[in-house]
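*Asks:* Here's a structure for you.
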Amino acid sequence: MTLHLDDLRVRLLGECRYDSPFAEVLSTKRTSPHYVAEGDRVLLEDTVAMLAEHSLPSVQAPSFEAAGPRRKIYFDPARVTAGIVTCGGLCPGLNNVIRGLVQELSVHYRVKRIVGFRNGPGLTAAHRDDTVELTPEVVRDIHNLGGTILGSSRGGQDADEMVETLALHGVDVMFVIGGDGGMRAATFLSGAIRARGLDIAVIGVPKTIDNDLPFTDQSFGFQSAFARATDFISAVSVEAAASPNGVGIVKLMGRHSGFIAAYAALAANSADVVLIPEVPFALDGDDGLLAHVERLVRAKGFAVVVVAEGAGQDLFDAHGLPQLNGRGTDASGNVKLGNIGELLRTSIEAHLTAAGLAPTMRYIDPSYAIRSIPANAYDSVYCLRLAHAAVHAAMAGRTEAAVARWRRRFVHVPFSLMTRRRNQVDPDGDLWMSVLETTCQPAEFGAVAARERISSGFC
């Protein structure tokens, strides 16, 4: 996908005429490795080779607008009503973002009214009175809690109904905290707002524990989620090692992207096999997964497998397990996945039993347990900074954009880019290389290079 500078420009509602509460402190700032001036931009690419492909002057190279406070803002804070909604699945840090938005709006911009719309459908006609007035007192301790005080839900809503709700509540700036579905909803909402000629800024704060949203170094909540997942891998590793012919399997979230499985496996440093959606694998054959697990059990007495939920979805019907296959779609239109954890458990157990290695199976599916927890210290800081950036963007009249961290800088990313593609583990990248080095598994099941390393005892 080739992007040009115009693809990365963010829509502005109009001229910024009001003094920002940060104008004085900004006048003392100077561009440095740790500060990007408001008129500067952050390059899309960060390698010489990729920049050379564009053959453009630096001012024309693809780049994002830097996030942060501006000297002049578009909205008069004294007249602003802000709205906040959380969409999609839970994620560590949702309450931290809500708290950060409310604090920044109230304390620094002196915004008098902030409306929280409950459960996503709170924006529709039937539920538009299902709101909560958000103040610093209301959100004071919510960062210590998992989930979201506003509730969340899946499923599309009518954009025109949502716009009417915003108009009835007098909302001037709207913050949408959500994943790919939430960003699509924010895009539709923005289009409906523009069609009606309303002066409402819509800013997204992208979230997903899968880390599968593009144009962000890492999505908030991901670090908390994979840290929690590490505990389950460590637990199943202890169980497998203590059992005769033990095989431990941990199934983790990751519908299309295997970041949680990869990072958690690296952190635990005890997995023998990591399976992700981006890297297909075969079960059968001398160099398939089942034979590999058998060799592990014979060589060291046990094996630990970490699998992302979206891995191996092509294997179900081929192995006569249609009852485990996903059917239909969920409320957000996502195809329901087959249970790869159960497929692996039954297949490995049957294979080892037939090979005369009666296995002791240990299977853990922590599922929601890794996403419903409070944010850890890292994500708490990250969420707060994203919230600050979102408020600055909205008050400066930016709209139809999300705030994200890119190349260590906070930037504004147009909604059109947030939903254009999916962030995935690169099988040729250094992250997957680290996984292969740590597990000693073959680059693909069908290769024989890992056999000697298994028997040598290094893995």
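Heads up, the Cβ atoms here are built off N, Cα and C, so glycines get one too.
Here the structure is a predicted model, which means the values were calculated and not measured.
Pulled these from Swiss-Prot:
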type	residues	note
ACT_SITE	D210	active site, proton acceptor
BINDING	G89, R154, G155, G179, D180, G181, G182	ATP binding site
BINDING	D180	Mg(2+) binding site
BINDING	T208, I209, D210, M253, G254, R255, E309, Y368, A369, I370, R371	substrate binding site
SITE	G181	site 'Important for substrate specificity'
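I'd like to know what surrounds each of these features in this structure.
*Replies:* The Cβ of D210 (active site, proton acceptor) lies under 8 Å from the Cβ of G179, S219, F222, M253, G254, R255, H256, S257, F259, I260, each of these being in the same chain and 6 or more residues away along the sequence.
Cβ neighbour count for G179 (ATP binding site) (all protein chains, 10 Å cutoff from its Cβ): 22. Following the DSSP three-state reduction, the secondary structure of G179 (ATP binding site) is coil.
Counting only same-chain residues six or more apart in sequence, the Cβ atoms lying under 8 angstroms from the Cβ of D180 (ATP binding site) belong to T208, D212, L213, M418, T419, R422.
The Cβ of E309 (substrate binding site) lies under 8 Å from the Cβ of K251, L252, M253, G254, R255, L337, I340, G341, each on the same chain and at least six residues away in sequence. E309 (substrate binding site) carries neither a helix nor a strand DSSP state and counts as coil.
The number of other Cβ atoms within 10 Å of the Cβ belonging to G181 (ATP binding site), over all protein chains shown, comes to 21.
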*Asks:* Under a criterion of Cβ-Cβ distance under 8 Å and sequence separation of at least 6, what residues of the same chain contact G182 (ATP binding site)?
*Replies:* C87, G88, V176, G204, P206, K207
*Asks:* Substrate site residues T208, I209, D210, M253, G254, R255, E309, Y368, A369, I370, R371: biggest Cα-Cα distance, Å?
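*Replies:* Max span of the substrate binding residues, Cα based, is 16 Å.
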*Asks:* Within 10 Å of the Cβ of T208 (substrate binding site), how many other Cβ atoms can be counted across all chains shown?
*Replies:* 28
*Asks:* Do me a favour and check the Cα-Cα span between G89 (ATP binding site) and A369 (substrate binding site); whole Å is fine.
*Replies:* 12
*Asks:* Fewest neighbouring Cβ atoms within 10 Å: which of the binding-site residues G89, G254?
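*Replies:* Looking at the binding-site residues G89, G254, the Cβ with the fewest others within 10 Å is that of G89.
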*Asks:* Please name the residue among the binding-site residues A369, R371 whose C-beta has the most neighbouring C-beta atoms within 10 angstroms.
*Replies:* R371
